[in-house]
Amino acid sequence: MAARTLFDKIWDSHVVERLEDGTAILYIDRHLVHEVTSPQAFEGLRISGRRLRRPDATIAVVDHNVPTSDRTLPIEEPESRNQIETLERNVREFGVPYFPLLSERQGIVHVVGPEQGISLPGMTIVCGDSHTSTHGAMGALAFGIGTSEVEHVMATQTLLQKPAMNMKVVVEGTLGAGVTAKDVMLAIIGTIGTAGGTGYVIEFAGSTIRGLDMAGRMTICNMSIEAGARAGLVAPDETTFDYVRGRPFAPQGEAFEQAVAYWKTLAADAGAHYDKIVELRAEDIPPVLTWGTSPETVIPVSGTVPDPSAESDEAKRAQMQRMLDYMGLEAGQKIAGVPVDVVFIGSCTNSRIEDLRSAAGIVAGRHVAPGVRAMVVPGSGIVKAQAEHEGLDRVFLDAGFEWREAGCSMCLGMNPDRLTPGQRCASTSNRNFEGRQGPGGRTHLLSPAMAAAAAVTGHLTDVRELI
Amino acid sequence: MDKFTVLTAIAAPLPEANIDTDKIIPARFLKTTKRSGLGVHAFDGMRYNPDGSEKPDFVLNREPYRKAGILITHDNLGCGSSREHAPWALLDFGIRCVIAPSFADIFFNNCFKNGILPIRLPREICDALMDDARLGANGRLTVDLERQVVVRPDGEEIAFEIDPLRKHLLLEGLDDIGQTLQHEGAISTFEAARGQAQPWQTRIVID
Ligand code: SF4
């Protein structure tokens, strides 16, 4: 057989049948369900009298809409409450395993899956949410789907899919102090652009990626979608196996050893073909952040806001000017020193225990700058408990941060955590679109350490000055 | 999904290009938990004043177009976000067929997934069909999917193209799911073999 990539191997092992036009019926191992994109799919099953084919391959959580304040109080926004209650009715009716709001295991679906050992190497994993790419860090083929496809998976445990092309992004070398996986991924998106990955599944490789812990790999794969890719992948290795070992829904004992033996065969064969290869040097990546309203508007924190007049393409020039106006920035302005109103540490990109430790390392012994609202929203109840066990909650609370319950929160502002018009936010999330964190809100994407630095200084800051 | 065989219906002319999914169904209606019931919000911004009253000039607010089953527009219908709420809103309003010179890709696919037939016809023909549609109840169009023709009120037939698989699915009222379930045997075989070869594939059970 011809040399195959990691993606090729996972794909091939899940093809149930190839249809005439090249479409494959692809078997799905794990279906993650949340409250926003599932109600119409459950309704569809009910209307057509179909059953949920594999409840034991499905897991439901509430995350997008949930309040991150006191959970014992009723949910105030009626539409959010309705979506949550609807999910609870549906999981009961269809027998779906579910982590309810008050469970410690509740959290952002893309944090919960790996944490519980539900997302495993070699699997196909889908969810009605574009950041499903996160689970690719396990060495799984994981991607977001629309509501009709959610229903399709529920009814058939398969999807109709055409294969993607293979891209490899190789990062070699040692990261400098204060430079994290988030900086690496933002640098990659800044390099290839938000459409650079369109039509591809990206495999991240190279010594820098190998050197990342699982949280860092998840941050990278999470934002594959911001580069336009269908999914992101990292080949499973000892770091992966150590992470999976002992997780609640992972295979245990002898079965685990068998699984590892199989997972080791998944890495790309020597000579496997990639349709596109991009290479970066870790040493060339400083701490970075975004200045505009697209994730590709990445600049070093030591840099200046770009000047639209230097852009020759008229449409791009107009777009840059519109971004500057929206963001309240001026061409040529140094980005460091721009004051922030809000700091958000959270989201499926950066809300794992490693992210919180990294931020706490900067915050310890310091205080949130006057006038800044700073919040930490752990990715799951388990992350929150672990952080409290390590005393990180005290570090944040003593410094003047809010310490909240797990959920998507200000990442998309579907719950009450929203920016008000004109507010500037240093955010560890993944999208800086206009109005994403609240109408008129201005988002700068950056790492947890950089977010912490902004919180304690009150402005966008080079974190290296604080370490 | 209801079968789509022959549809004879009032057609509503909406001579605009780039009608995006936000126009078809604005984002604030996405917090719903139903596919049904979105019809009253279809084209919300074009159809209602800020105080909620109807804009009398908008075609779907006029008789007989309140009962339109076909919608005819200009280029690039359904551009913008991928929300499936757009075809849901049209369907709930009663639209089973949309005719335009061109469509946005995802919207085009989403129509088929929801039992709506999107037909691409050249701009001049769309304009001619709009003229028919302006005759109101006297200008009903017939769409015969089996024969792949749109029949004008004067009996003239206009042929259209459609992917054979998609035609089959619409004629039979099969959605993608129905289609895939015809391969149920293969799926079960695959599932069983996989369970055997990979005994570590765990099941999610919460007590
Ligand atoms: S944290 Fe943000 S990006 Fe992640 S799943 Fe929630 S809303 Fe989506």
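Glycine is treated like the rest: Cβ placed from N, Cα and C.
TrEMBL has this to say about the protein:
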BINDING   A:C348, A:C408, A:C411  [4Fe-4S] cluster binding site
Seminar exercise, completed: Chain B contacts from binding-site residues A:C348, A:C408, A:C411, C-beta within less than 8 angstroms, listed by sequence, come out as none
Seminar exercise, completed: Long-range Cβ list for A:C348 ([4Fe-4S] cluster binding site), cut-off under 8 Å, min separation 6+ in sequence, same chain only, gives A:I108, A:V109, A:H110, A:V111, A:H131, A:T134, A:N222, A:G379, A:C408, A:C411, A:N430
Exercise. Once A:C348, A:C408, A:C411 are set aside, which residues in the chain still have Cβ within 8 Å of the Cβ centroid of the [4Fe-4S] cluster site?
Worked result: A:D63, A:H64, A:I108, A:H110, A:H131, A:G346, A:S347, A:T349, A:S351, A:G407, A:S409, A:L412, A:S429, A:N430
